[in-house]
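Asker: Structure below; questions to follow.
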Amino acid sequence: MMNRLLVFLMLGAAFMLVVSAIDQDANEDINKRGVPCLCDSDGPSVRGNTLSGIIWLAGCPSGWHNCKKHGPTIGWCCKQ
């Protein structure tokens, strides 16, 4: 029983180490700018494409434009 607990704790610690090593710059960009979204100019799929738009809930602010013809279902996908 104690061995299983020790293995579980070690796996948990390893998982936390991996998660904390994820690119912190990407997290800072999301915190500063909001949630990224896929503009029409980014391509048809999110796989391998950069998400150049930002979701705004109350419409695009001044200096930004809606960069997606359809969706997202909540808010607008805007690009500067």
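Glycine is no exception: its Cβ is also placed from the backbone N, Cα and C atoms.
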Asker: Looking only at C39, C60, which is named in Swiss-Prot as the disulfide mate of C67?
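Answerer: Within the candidate set C39, C60, Swiss-Prot assigns the bond with C67 to C39.
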Asker: Disulfide-wise, see what Swiss-Prot says C37 is paired with, picking from C77, C78.
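Answerer: Recorded partner, per Swiss-Prot: C77.
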Asker: Out of C60, C77, C78, give those disulfide-bonded residues positioned within 10 angstroms of C39 (disulfide bond), comparing C-alpha atoms, in sequence order.
Answerer: C77, C78
Asker: In Å, rounded, how far does the Cα of C78 (disulfide bond) sit from the Cα of C67 (disulfide bond)?
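Answerer: Answer for this pair: 5 Å between alpha carbons.
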Asker: How many other Cβ atoms sit within 10 Å of the Cβ of C78 (disulfide bond)?
Answerer: 21
Asker: Which state, by DSSP, holds C37 (disulfide bond): helix, strand or coil?
Answerer: strand
Asker: Of all the disulfide-bonded residues given, C37, C39, C60, C67, C77, which residue's CB has the most CB neighbours within 10 A?
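Answerer: Per the Cβ count within 10 Å, the most buried is C77.
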